[in-house]
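Remarks on the structure that follows.
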Amino acid sequence: MDWMKIVAALALIMFIVYLFPRARHMMENSPKGSSADWMGFVVPILVIVLFVMLLVQLV
Amino acid sequence: MDQNYSTIGRSSRTKQAIEINKVLRNTYLLLAMTLLFSGLTASISMMMNMPPMTYLISVIGGMVIAMFVLPRFAHSTAGIGIVFLITGLLGFGLGPILSMYASVPNGSNIIMLSLGGTGVIFMGLSAYVLATRKDFSFLGGFLMVGFLLVLVAAVANIFLAIPAMSLMISAVVIMLMSGFILHDTSRIIHGGETNYILATIGLYMTIFNIFISLLQILGIMGGDD
C-alpha cells in the first residue's frame, strides 16, 4: 500500500530530524578513541558478524 | 589529615560504586520485565490476527512516546509505566510480523533462531563490557552518524525496494546496535547514565532492532521471505 510507504518514510524523516542535533552534539563532544580502543570495538563486532553468518547457515 | 582525605575519598568511591550497581541492577530487572511484557503483547496481537499496518502504527506510536513523553517522566515512577506502554506497543506491533513468519515453511525456526541469536548477542556484548570495564564513550558520535546514514538509506529503500539493500541495511543495523549495547552499558558502569528508565529504553531499542534485523536477514537468506 502506497500510503503505508509514505507514512513510513515520513516517520523515518521525522526521526532523522529529531536525531540530527543530537548526532552533531555527540560528534563534537565524544572523546577520541585510541587505536587500542577501536580494536576493543572492532573485535567483538567481527565476532557478531561471524555469529550472524553461523545463524544464516543454520536456517 | 591525609588519612581523613583518603577515607573520605574511599567512602565516596564506594558510594558511587553502590549507586552504579543499583542502576545496573534496576536496568536489567526492568529490561527483563519489559521484554516479557513485549512477548505477552506480541502473543495477544498474534491471537487477534492484527493486520500488517499494526507494526507501522505501533512503531510510530512508540517512537513518538519515547521521544516526546518519556523524557518528561523519566525521573518519576510514572516513567516506568510509560516504558511499559512503549515496549508493550512495540511488542504488539511485532505480532503481525511474527504471524507472517510463522505461516511460512521454516518460519518458526527463523523466529526461534532470531530470538536466540538476539539473546546471545545482547548477553555476550554486555558480559564483554562488564568483564573488561572498557570505556566505549568514544563510540557515541560514530554510532549516531552511522545510525542517521542507515535511516536515510532505509527511507530510500522504502521506495526502491531492493532486497540486497534491505539485507545490507539489516546487517549494518545489527553492527550499529551491537555498538550501542557496548556504548550504553559502558555509560552505565562508568556513571554516565544514572537513570535506569532511560537506560532500559535505550537497551530495549537495541534488542528490538537486532531482533527485527536478524528476522529479516534469516528470512531473506532462508529463502522464505
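Each Cβ is built from the backbone N, Cα and C atoms, and glycine gets one as well.
Feature annotations, courtesy of TrEMBL:
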type	residues	note
TRANSMEM	B:28-47	transmembrane segment
TRANSMEM	B:53-70	transmembrane segment
TRANSMEM	B:82-104	transmembrane segment
TRANSMEM	B:110-131	transmembrane segment
TRANSMEM	B:138-159	transmembrane segment
TRANSMEM	B:165-183	transmembrane segment
TRANSMEM	B:195-221	transmembrane segment
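Touching of the transmembrane segment (B:165-183) and the transmembrane segment (B:28-47) is ruled out by the presence of fewer than three CB pairs under 8 A, sequence neighbours closer than 6 excluded. Only residues 6 or more beyond the boundaries of the transmembrane segment (B:53-70), in the same chain, are considered here, and those with a CB under 8 A from a CB of the stretch are 45, 79, 82-83, 85-87, 89-90, 92-97, 197-198, 201, 205. Sequence-remote contacts of a segment are chain residues at least 6 beyond its ends whose Cβ falls under 8 Å from one of its Cβ atoms, and for the transmembrane segment (B:82-104) they are 30, 33-35, 37-46, 48-52, 54-59, 61-62, 65-66, 69-70, 73, 110-111, 197, 200-201, 204, 208, 212, 215, 219, 224.
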